[in-house]
């Protein structure tokens, strides 16, 4: 925030504090520095006194008698005592060991040249946090890094909550009901020969989907399942009637009537479980005996019927 277009209040306060520290700052001196200063003053005084003494001694030698040498002999011990006292004072000087971050300096090998420590001065310090500027805007987002390797698949989690019931679907196709049925007849009589004969029918009463072949006289199964079959014939007087209902090439049931003075109607019925492409038909026995089936050209005396009871697909 700026007032009247000037610098921020925080920056102004920092500069005011800096000026006060510069004006009022004094050199920082430790007790060790004060003692060193006193020793230096003492040394200067002793040097001046030795110079004065030497000067007086030279003048005195020019004019004085040998007694002056005795004076010098007497004065020298005093000088040696002074130096001895000065060396002892230097040996007992305090070492600087209070300030952190500085190593203790050893005394000089020559006690006549004491080590001098630098003079410390007050240096104003500025709190950098006061001069901290305003926070800048966020930079643009960097590009995405490369994808890492895929980890191993974790364990399967728990089952979730059951969802709501869905809507009703479209109605499906109507149930396909399978049918098979036939009913055929014959108006012509037939007599046996020296070989087996297939009974062929000439009248088609019902032939659903054409599963009964009128030319071969056989029913062909196209819908596997259980079927019901029935055979009706009219016997011939004074002759036998001897026929079989065949399943493929196997004789299943027989229809038989002995010779008699009169003719009668004779029937046979059965149920068979058929597979696809199975055949059912009627066969006339060969002519070892007089074997015949009666009929005329006006009425139908022979019929063969069959129909599907239960498809195999329904179980």
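One is the number of the first residue shown, and numbering goes on along the chain from there.
Note: Cβ is positioned from N, Cα and C throughout, glycine not excepted.
Automatic, uncurated: that is what TrEMBL annotation is.
These features come from TrEMBL:
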type: COMPBIAS; residues: 38-96; note: compositional bias 'Basic and acidic residues'
type: DOMAIN; residues: 175-315; note: domain 'C1q'
type: REGION; residues: 30-98; note: region 'Disordered'
type: REGION; residues: 135-169; note: region 'Disordered'
type: SIGNAL; residues: 1-27; note: signal peptide
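The average per-residue pLDDT of the prediction over the domain 'C1q' (175-315) is 90, rounded to a whole number. Broken down with DSSP, the domain 'C1q' (175-315) shows 6 helix, 75 strand, 60 coil.
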